[in-house]
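**Student:** Okay, here's the structure, questions in a sec.
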């Protein structure tokens, strides 16, 4: 597979500096903003019901992450999602911990049913729960996913008209027609809290530079570019670090300095069907 | 004192990967999660009154930290504490800033009086305030503790049926029968915000792998293991760093790579009486 | 210009360890606390309406940052500001994102009109918006400022009886009588989220060690010292780092180890009129 599109997408983010509106969790607010700055995007974290519609309306993308919910955050997410939908602003949704508590299940279901989501990204167990593939969610860490995960993801993506992404040792992306398996990344990234949440923000930036009402295939391609870009930076950061603490710092350095050629050289994208 | 139990406890945390439910403050949410991941535990940060009972009920331990209170956080803490008590899930309470404002005093008193807390950990001034030993709290930093601190801690632990921990240049632990003085750590840790809050989370993981309804003596031992493990990692991190910023990163690296032998070699635990 | 006063001011912060009460945004709470600890100040982050008056009243300075507003934060800010004003505690206000949403404009206007603010600090576009000099605010990043920025800032400072600070490639400070241009810092600081918010906290510490009811000229001088101190540390941190991730860590190291002589040697302060 020719991976030049990944380098092109990354360059486009740097050039266009998309404004990404994040309603994310309290654990990762700082690092999601830093990941977006490092790739050249412009993050804005805004939570007040008084302003989220204004912010979402003028943003390139809206990223919703339910890591630390409460009723006010949910209210803000719904106002922002409604505004984004009415303006054609793409939404990426990260259903952190879905399958773990009834409250998270209810909120995830509501958001998925009431709003048009462009991308849904979670770990394998979260996505497995959503698409009915089984799997176990322990706290906010994925334990394992069911066997027929990718088939069910594909069906779900087709029915919901969105791109579904399940990340893990291998990352799966489907637009409802095809499924891709992405083989970059490093296990050590799992020992930083929010490594998945940062990726969600980064995908937001990459889909934010696509044309409005891009096809699911285009969105899938932009997501593949985002994931590969993030994971290749992660691999290089692991090489330059001595554990999860220095990895966190080095990850931002690598995202900031990332070269298109290294992306094309190191990227490992496989189309499954 | 034979310190092999410290290495054993640390190994047990890595093997069992205890789920630690944290309701902690806005300043340290990210680093508490990272400290727990680094030692091999599984952190979950959940605050919504709609789900904290569900989360606390299935967790190995509940860590409550009142660094940035508001009425909603307090409500969530009470719901979680009630659920934890009814299931026998151990609770560690960190009364950040108690003695500094009337509001903090009131919340700390209510939590201590209404719920069974397994461990209470604070800096010397906070614990001194609680046990009536005097001392001065300036903001959230300890200034000094009164002279009869350990005697009063021991009485308080006996009456409240909990383990009391006051950390500082020397850390004191008592189960109401004995008092230990722990001599590891480094002053530079005090220039990272939340170094005490991270320790609270880490103690949560160590008491989370004890049998349910463990004795106060067992809980004290697990706490000694947690504090020594954390402080030895801190000492090594100070050696590898050039100031508080790099120390923060190196601390996670050291916790992640910690070897049992180095714990036994470097640990300095003294039984006072 | 003799810059010895910068080294003196920095030394005074370390000696007096001023308590700085921050009501700041969710993105930067941790790093603002760490920046204050690194310079030797004592940060306290307190948000509850039940305690902010108590905290602000005994603090050396109050720093208000509207990066992630909601109605409860605004309520807390007003209670704290009222208490600070009644006790003569200086207030620094950081109007993050003013000009971007109607809600932010309304909150900024209310705080400025109802309370005596000692210092207002923002990026050039935010300050440009406030003083009516034009400029564009995109999210929370400054795009550009209007041409007559410093003249309008000076008038505004005189009328509002405060010190106005607009930071950017060049930082401008005015007390309503004079304008200074500060030439330290490094562009890379802009790729860390919250580099401006940390500076706001640091200015809080420097004005917190001034005599109560210090003149605007004294406050301007303390602010110049704070900005120069912070930016010189930033320059050295950039030299020691490989990107925005390691820069974040090194910044705290440099602030912690900062020497008075290096401040005097590297500082570049120009009085414009």
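Note that the numbers count up from 1, one per residue, in the order the chain is shown.
Just so it is clear, glycine is given a Cβ too, placed from its N, Cα and C backbone atoms.
Feature annotation from TrEMBL assigns substrate binding site to C:45, C:194. Taken from TrEMBL, the feature ATP binding site applies to C:121, C:167.
Set these features in their place in the structure for me.
**Tutor:** Reduced to three states, the DSSP call for residue C:194 (substrate binding site) is coil.
In this view, residue C:167 (ATP binding site) is surrounded by 25 other Cβ atoms within 10 Å of its Cβ, with every protein chain counted.
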**Student:** My list of binding-site residues is C:45, C:121, C:167, C:194; which of them have a Cβ under 8 Å from any chain A Cβ, in sequence order?
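**Tutor:** The binding-site residues close to chain A are C:194.
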**Student:** Within 10 angstroms of the C-beta of residue C:121 (ATP binding site), what count of other C-beta atoms is obtained when all protein chains are considered?
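**Tutor:** The answer is 28 other Cβ atoms.
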**Student:** Please list, in sequence order, the residues in the chain of residue C:45 (substrate binding site) that are at least six apart in sequence and whose C-beta is under 8 Å away from its C-beta.
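**Tutor:** Non-local contacts for residue C:45 (substrate binding site): C:22, C:23, C:24, C:29, C:32, C:33.
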**Student:** Among the binding-site residues C:121, C:167, C:194, state which ones have a Cβ less than 8 Å from a Cβ of chain B, giving them in sequence order; state 'none' otherwise.
**Tutor:** none
**Student:** Can you count the other CB atoms that lie within 10 A of the CB of residue C:194 (substrate binding site)?
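**Tutor:** So the Cβ neighbour count for residue C:194 (substrate binding site) comes to 26.
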**Student:** What does the structure give for the C-alpha distance between residue C:167 (ATP binding site) and residue C:194 (substrate binding site)? Integer Å is fine.
**Tutor:** 13
**Student:** Round to a whole number and give the Cα-to-Cα distance in Å for the pair residue C:121 (ATP binding site) and residue C:194 (substrate binding site).
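**Tutor:** Taking the Cα atoms only, residue C:121 (ATP binding site) lies 13 Å from residue C:194 (substrate binding site).
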